[in-house]
């Protein structure tokens with residue numbers, strides 16, 4: 001009886017992946033009126049995400065499916081919740097923008113592609129077979145390439161999308177080359193088989209090289225320096241909300257895939273070259289992200305460079321010895337980053353806008369927010385200080401607990417360099433705060449702002465509440481995360 005119940009749950013789960021996709025395609029070609037079609041697509045996509053969340057709650061937290069091709073743990077389940085909630089939030093923001101007539105750059109095809117990419121991401125996080133991982137990553141990547149363009153005819157968008165496609169293709173080729181190298185030497189693509197054979201042939205450099213190539217390909221997809229050039233141009237051409245979607249979802253999935261590889265293969269095979277190589281990339285990324293952000297005037301490029309810096313901090317668990325604890329802190333840091341960035345983008349595109357209906361694009365335009373609404377101005381300052389990681393906010397503490405284990409392990413010089421570089425990004429965040437508070441004189445040619453109403457206010461209030469609560473219950477939140485992902 002229990003076996004039949006589990007099979008029924010599996011059938012429902014995988015049909016929920018595919019049936020809504022078919023329904024959305026049929027809706028997009030059968031309904032003639034544009035507004036009705038878009039609203040139905042939004043509702044069906046949000047309902048599908050809710051159903052998947054319900055199924056995640058019903059099914060077992062740990063399972064092995066499809067002959068070991070998919071394995072789910074408490075950590076993966078927890079991160080899947082985060083991914084689905086973030087996706088629901090972004091889709092709701094797109095829906096609100098369409099209702100209010102804002103320029104959100106969303107089409108019916110884009111909604112279908114967003115859902116298709118979500119399917120690929122959910123599978124890739126559970127993948128325990130290299131070819132399953134590769135195919136699911138490619139589903140996501142193909143959707144992202146098209147979303148980066150999203151029917152935008154601007155030169156910068158086309159150029160960014162083309163760069164994304166080329167670099168993504170190179171990264172996929174590197175990953176596939178690593179998979180081929182591993183299969184040639186082990187005769188298997190399953191993580192467990194690779195681990196057993198790899199430990200028997202501990203001196204076989206080809207298996208280690210194959211895993212290193214897979215990690216390198218994933219790092220390129222993440223946008224870590226010096227493989228970051230495509231990311232800046234791509235994000236600038238996609239629009240603020242789509243940038244938010246691409247930035248957050250890509251980080252969530254890539255980090256979890258790297259954690260899976262680390263916990264299942266890299267740790268046991270003792271591949272030191274990966275740890276040392278990633279340490280160099282982390283330092284280079286922090287330097288590039290910090291220096292690059294200091295000379296940016298556009299909001300979206302500033303967010304892109306900030307994303308590069310945060311990518312480096314999120315993969316610090318690779319260079320530490322206490323991996324389990326560092327993974328917990330990385331997840332906690334990721335949650336703080338998502339909430340802070342969500343509130344920032346909600347303020348910029350959802351609460352205030354120019355007279356002609358456009359979004360704030362230049363950082364210097366932020367000075368007028370203080371003149372028009374001091375409550376929103378204060379909220380924006382709080383979020384910027386929170387993202388900068390200044391004390392006493394929890395984002396400062398989450399950075400500290402990520403970096404401090406390196407001191408315990410004796411990596412003092414590396415820790416000092418990381419601290420110095422993170423201070424650099426704090427300086428630029430504080431420069432933006434200065435623009436809001438001090439440079440508040442209205443200038444000719446700068447539009448005033450009109451307040452809008454809707455879900456954006458709710459999102460901002462919710463984010464500010466999290467910032468306050470996380471200050472008070474920091475230890476409790478980290479303990480809850482440890483319990484959820486079954487790490488003590």
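Cβ coordinates come from backbone N, Cα and C, glycine included.
What Swiss-Prot records for 11-31, 38-58, 74-94, 106-126, 129-149, 211-231, 271-291, 299-319, 331-351, 376-396, 412-434, 460-480 (among others) is transmembrane segment.
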Handout entry: Maximum Cβ pairs under 8 Å to the transmembrane segment (412-434) - stretch from the list 38-58, 129-149, 271-291, 331-351
Key = 271-291
Problem - Ranked first among 38-58, 74-94, 129-149, 211-231, 376-396 for CB pairs under 8 angstroms with the transmembrane segment (299-319) - result: 211-231
Exercise for the section: Could you name the stretch, out of 74-94, 106-126, 211-231, with the greatest number of CB pairs under 8 A to the transmembrane segment (331-351)? Expected result: 74-94
Problem - Leading stretch by Cβ pairs under 8 Å, where the reference is the transmembrane segment (129-149) and the options are 38-58, 74-94, 211-231, 376-396 - result: 211-231
Practice task
Give me the stretch from 38-58, 106-126, 211-231, 376-396 with the greatest number of Cβ pairs under 8 Å to the transmembrane segment (74-94).
Solution key: 38-58
Fill in the blank from the handout: Near the transmembrane segment (106-126) in space but 6 or more residues beyond its ends, with Cβ under 8 Å, are 17, 20-21, 24-25, 28, 37-38, 41-42, 45, 48-49, 52, 65, 70-72, 76, 79-80, 83-84, 87, 91, 94, 97-98, 132-133, 136-141, 143-144, 146-147, 150-151, 241-242, 245, 249, 252-253, 256-257, 260
